Amino acid sequence: MALSLEEEAGRIKDCWDNQEAPALSTCSNANIFRRINAILDNSLDFSRVCTTPINRGIHDHLPDFQDSEETVTSRMLFPTSAQESSRGLPDANDLCLGLQSLSLTGWDRPWSTQDSDSSAQSSTHSVLSMLHNPLGNVLGKPPLSFLPLDPLGSDLVDKFPAPSVRGSRLDTRPILDSRSSSPSDSDTSGFSSGSDHLSDLISSLRISPPLPFLSLSGGGPRDPLKMGVGSRMDQEQAALAAVTPSPTSASKRWPGASVWPSWDLLEAPKDPFSIEREARLHRQAAAVNEATCTWSGQLPPRNYKNPIYSCKVFLGGVPWDITEAGLVNTFRVFGSLSVEWPGKDGKHPRCPPKGNMPKGYVYLVFELEKSVRSLLQACSHDPLSPDGLSEYYFKMSSRRMRCKEVQVIPWVLADSNFVRSPSQRLDPSRTVFVGALHGMLNAEALAAILNDLFGGVVYAGIDTDKHKYPIGSGRVTFNNQRSYLKAVSAAFVEIKTTKFTKKVQIDPYLEDSLCHICSSQPGPFFCRDQVCFKYFCRSCWHWRHSMEGLRHHSPLMRNQKNRDSS
């Protein structure tokens with residue numbers, strides 16, 4: 001970001017207005033420089049070095065940083081009659097402390113080493129280029145003002161923890177702390193000749209930049225330099241928010257929580273199992289995403305003649321203190337049964353949930369289908385439902401609740417599949433996966449809803465477990481590519497009926513496929529974004545989605561449990 005001349009002048013003004021900050025100036029080090037020059041037989045040129053401190057009183061009488069010729073001359077260590085200047089405040093040469101003349105190798109190029117840059121350009125040109133472009137390229141050559149000595153600069157290093165920035169600082173401590181009697185004995189010495197006394201003088205120099213340059217945040221007004229750095233950091237974090245929404249996820253993706261993630265991506269290997277985690281999170285995306293379209297209406301009526309039920313039924317609204325023994329004692333009159341508590345994904349699904357947190361529902365699994373028929377005959381039900389779906393209720397008791405009415409939801413096996421056109425060939429490439437289905441939604445109703453929204457539905461199926469009871473997902477096949485892509489693009493659909501309101505999730509139906517990139521490895525990961533829309537192996541996924549515009553893509557994986565259950 002390039003700053004205008006007015007902004008740069010304002011920045012320099014703010015810097016020099018802070019009298020208490022240790023400034024990079026010879027004004028407070030004039031005596032030291034005179035002694036250094038005397039030791040070096042007056043070989044240094046201090047013709048343009050400022051020696052007079054700038055106080056607030058003088059500065060207030062200097063509009064637009066203009067000084068008279070006499071004032072400028074009075075600030076020189078060795079004033080000359082030929083000296084001319086139009087500015088009272090120090091320029092880039094003044095900020096260099098006259099260290100250009102000391103032949104400090106690498107002073108004007110703190111990002112380089114002595115060995116790599118033997119033939120350097122003039123320090124004046126380098127410092128001027130940094131000051132004219134104070135942000136420059138933060139990833140490349142940092143400005144001179146961002147290279148403080150410890151401890152004043154320690155907080156800034158914490159704000160920029162990237163290794164390349166940390167390593168790019170000019171390490172002056174070996175030079176300033178050296179006490180070798182012969183500079184040639186030290187590999188870090190930047191002087192061609194010197195002594196202990198000269199090293200002591202150099203060590204006492206105040207070369208830390210003003211504090212306004214060190215502070216990147218605060219309650220006061222931000223100067224142009226702070227605004228520039230802040231905007232750069234905002235842009236980088238905005239890019240991170242597209243991948244990882246929270247600081248926790250960002251720290252997992254880029255170890256060390258680097259401000260610039262690209263460096264860590266190149267240096268640290270990506271977690272090989274991050275794709276699986278993202279795919280699992282995507283399966284619950286309907287809970288946190290807004291619906292793109294809504295369907296509302298009445299579900300198709302159901303007319304059953306001698307229906308066949310699944311041996312598994314759902315009990316809703318069970319007493320909070322109910323036990324497995326209480327359930328078995330209540331329902332064993334209809335036949336042998338077992339109890340499945342919520343949390344089927346756990347290691348012990350047949351055990352009640354831990355703690356005193358009631359789930360409110362449970363599954364009963366009978367050994368025989370006729371036991372379900374007997375249970376439904378013992379229930380009270382409402383056959384006058386507008387959609388033809390009878391609601392069954394059974395009264396049961398627990399130790400603390402008497403005559404609690406619980407809802408019994410059976411499943412008719414014929415509701416698992418619906419075919420609109422039996423002669424139509426089903427194309428898996430035009431099939432979508434629908435997740436987060438409501439338990440009262442059968443295949444015919446699902447086909448009707450998606451046909452109203454996108455058209456072209458020829459088949460709908462509800463995924464079931466080993467007991468042929470629905471597991472909350474289904475598949476819908478279209479007869480044309482346009483309807484299929486419309487459904488995939490919709491992603492989230494809200495269904496509103498007189499009985500329930502539910503938001504479902506639509507994804508491409510996944511098959512076993514080879515990687516579409518290398519064609520040699522299995523491709524278990526699918527990218528649903530229209531830019532990709534391909535199957536990937538693990539290596540090809542990382543390679544493809546390391547590009548800047550593709551990092552936000554979410555992977556899909558086929559659910560192994562769904563494959564085994566249906």
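Even glycines carry a Cβ here, placed using N, Cα and C.
These features come from Swiss-Prot:
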| type | residues | note |
| --- | --- | --- |
| MOD_RES | Ser43 | phosphoserine |
| REGION | 162-195 | region 'Disordered' |
| DOMAIN | 311-408 | domain 'RRM 1' |
| SITE | Trp411 | site 'Important for the positionning of RRM1 relative to RRM2' |
| DOMAIN | 430-511 | domain 'RRM 2' |
| BINDING | Cys515, Cys518, Cys537, Cys540 | Zn(2+) 1 binding site |
| BINDING | Cys527, Cys532, His545, His553 | Zn(2+) 2 binding site |
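Overlay of Swiss-Prot annotations on the structure.
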{"residue": "Ser43", "record": "phosphoserine", "contacts (Cβ under 8 Å, 6+ apart)": "Asn37"}
{"residue": "Trp411", "record": "site 'Important for the positionning of RRM1 relative to RRM2'", "contacts (Cβ under 8 Å, 6+ apart)": "Tyr309, Ser310, Lys312, Val313, Thr464, Lys468, Tyr469, Pro470"}
{"residue": "Cys515", "record": "Zn(2+) 1 binding site", "contacts (Cβ under 8 Å, 6+ apart)": "Gln521, Pro522, Gly523, Tyr535, Phe536, Cys537, Cys540"}
{"residue": "Cys518", "record": "Zn(2+) 1 binding site", "contacts (Cβ under 8 Å, 6+ apart)": "Cys537, Ser539, Cys540"}
{"residue": "Cys527", "record": "Zn(2+) 2 binding site", "contacts (Cβ under 8 Å, 6+ apart)": "Phe533, Lys534, Phe536, Trp541, Arg544, His545, His553, Ser554, Pro555, Leu556"}
{"residue": "Cys532", "record": "Zn(2+) 2 binding site", "contacts (Cβ under 8 Å, 6+ apart)": "Arg544, Leu550, His553"}
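Broken down with DSSP, the domain 'RRM 2' (430-511) shows 23 helix, 35 strand, 24 coil. Within 8 A of the CB centroid of the Zn(2+) 1 site residues Cys515, Cys518, Cys537, Cys540, the other residues of that chain are Leu514, His516, Ile517, Ser519, Ser520, Gln521, Gly523, Tyr535, Phe536, Arg538, Ser539, Trp541. A mean pLDDT of 83 is what the model gives for the domain 'RRM 1' (311-408).
For Cys540 (Zn(2+) 1 binding site), other Cβ atoms within 10 Å of its Cβ number 20.
For Cys537 (Zn(2+) 1 binding site), the Cβ neighbour count at a 10 Å cut-off comes to 20, with all displayed protein chains included. Counted over every protein chain shown, other Cβ atoms within 10 Å are most numerous around His545 among the binding-site residues His545, His553.
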